Every structure is written in C-alpha cells, then in structure tokens.
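These notes concern the structure reproduced below.
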C-alpha cells in the first residue's frame, strides 16, 4: 500500500495563533486560565491545554471575577464582549483575524441599516459569534441560511438594502451555489468581492481534490466537531472515494484498506502534525510504504499575538 500526503494540511495561521495565545497566557500569568469554548475544535489540542492548566467553559458566568479569559478562534458576539468588559475580566481575544474581518463587515452593515445574510451552519460557534455582531438597534436584521432551500424559503424586510457574508470554513462548492441562489433571488444584494471562506479552507479543499483523484481511500485527521475537517471528508466522498474522519490512529480500522493500493492522508486546519504522523505509523505497521507528499500551495501567512503577550514573553 502507498501512502500519499496532501499538501497543505493541518494547522492554519489562525489555529497556530489561538493555541499560542493560550500557551503564552499560561506561561505569563500561570494557571488557571479560562477559555470560552474549545479554543480550536481538536480533542488532542484541548486535552493538552487542559492538562497545562486551561479551564474550558461554555459561558462567562462560569468564570470567576478577576480572572483571565480567552475567547476561542471562532469569535464571540458583542454581548459576550460587553459582559466581559462589564465584569472587568482580563480578556485575550484568540478570534482568528479572518473571522474578525467578517465581524467588521457585519458591524458595518448593521451601522448602515443594511440587512445581512450569513451563510453558515446553525449552532457552530463562529456562526453564533458573527450573528451576535450585528446590532439590530438601527432597524436592520441578520438572517442565517445554510443551503439553497433556505434561500428559497427566506423572506427579508428590505431586499433593496441587503448584503451577505459567509462562515470561513464552508465547502467552497456548496457556498458558490448558495451565493448564486442569493443573487438570483435578490438581484441587488451586496457581498464581498471574494467570499469570506479563508485561504486555509480553500487550500485544503483544493489539496483534497488532488489527493482523492490519485487515491482509493482518503483519511482526514480531525475531530468530529471540526467544520473544515468534515468538509474535507465530504469532498472526497463526492469524488467517489471512501473517506473517513478520524481523531487519531486508534480510530483506524484495518478492514478499510482491504484491497486498497493508495491511501490518501490529510488533516483539518485544527489537527496537529503529531496526529498525522501517528496515523502514518499505524498504516506502516499494517504494511504500508513510506509516505509520499504531493506538491501544493505554499502557506507563509502568520498572525501576531496580542501585544501584552508579546511583551510578557520578551521580558521573560
């Protein structure tokens, strides 16, 4: 059996930054450090940070007064930001800058009284945060749609003053269809020059297309609550290949590879490389050859840490 590695795969700049913020806060201020929601959607990463002293909570009312709290990479609503400020909590915001860009767009539309439509998955923390950035006090409204059927059923108050934004981790193909449906139904709708799907999501989906075209089975390393990891698995399946989402090597099942010549391996944007290496090792234990890595788009994007953490680290 051959192992073929997708490129790029794994951590993106926003995930790197979010994990670094938690680690540096733990180094600079000592545990406990509170984190609202999983800082990134990966069990291995969250368990590691928990062992180091991070305490993950669902809401701010679980955070004691005079504590440090970190907002996850997925972003939060204005109400959460205001609650933290009102309580005087020390906040480090690990929201991915590409999610913040969408928040800025939504805030601008609300200020102008333009109604907004968010394309995204209901219940996802990023969607909850983005929806909560829209201030309805100017008379506008924000709507959520997930697919073309939602667009068909949608009624808005002001179709002449309407804009759309997207969750950053969606399927590129599915999102294009939803945007087409929106433009057909609401010809005057505004939108970003390019959809809000992030560079890492785009690159990893392109890499999986290449991978699936060459392999019999595709393994996606990622947690089941990771949106971008699920989209990678779905994309490989749409290309007619068996595809499996696994958190780690222990979830592999040897019968998946009966009669298989080429196994493709990739990882979602929140999955660390160590998990990929463990999956490769397990496959080699079962007789696979050393992996070959495909050529792919080079990523050199980095996002800076909050100034106080940079200063603290420099002083240390």
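Yeah, the Cβs are placed from backbone N, Cα and C, and that goes for glycine too.
Annotated [4Fe-4S] cluster binding site per Swiss-Prot: 12, 96, 198, in sequence order, evidence recorded as sequence analysis. For residue 198 ([4Fe-4S] cluster binding site), applying a Cβ distance below 8 Å and a minimum sequence separation of six or more within one chain yields 12, 14, 96, 98, 168, 169.
Annotated isopentenyl diphosphate binding site per Swiss-Prot: 41, 74, 124, 226, 227, 228, 270, in sequence order. All chains included, 24 other C-beta atoms sit within 10 angstroms of the C-beta of residue 227 (isopentenyl diphosphate binding site).
Counting every protein chain shown, the Cβ of residue 228 (isopentenyl diphosphate binding site) has 27 other Cβ atoms within 10 Å. According to Swiss-Prot, the dimethylallyl diphosphate binding site annotation covers 41, 74, 124, 226, 227, 228, 270.
Swiss-Prot lists 41, 74, 124, 168, 226, 227, 228, 270 with the feature (2E)-4-hydroxy-3-methylbut-2-enyl diphosphate binding site, giving sequence analysis as the kind of evidence. Counted within 10 Å of its Cβ, the other Cβ atoms near residue 41 (isopentenyl diphosphate binding site) come to 29, all protein chains included.
The feature active site, proton donor is assigned by Swiss-Prot to 126. Residue 126 (active site, proton donor) falls within a helical segment according to DSSP.
Each of the binding-site residues 74, 124 was ranked by the number of other C-beta atoms within 10 Å, and first place falls to 74. According to its DSSP assignment, residue 12 ([4Fe-4S] cluster binding site) is coil. A distance of 12 Å separates the Cα atom of residue 228 (isopentenyl diphosphate binding site) from that of residue 126 (active site, proton donor). Distance between Cα atoms for residue 270 (isopentenyl diphosphate binding site) and residue 126 (active site, proton donor): 14 Å, as a whole number. Other Cβ atoms within 10 Å of the Cβ of residue 226 (isopentenyl diphosphate binding site) number 26 in total over all chains.
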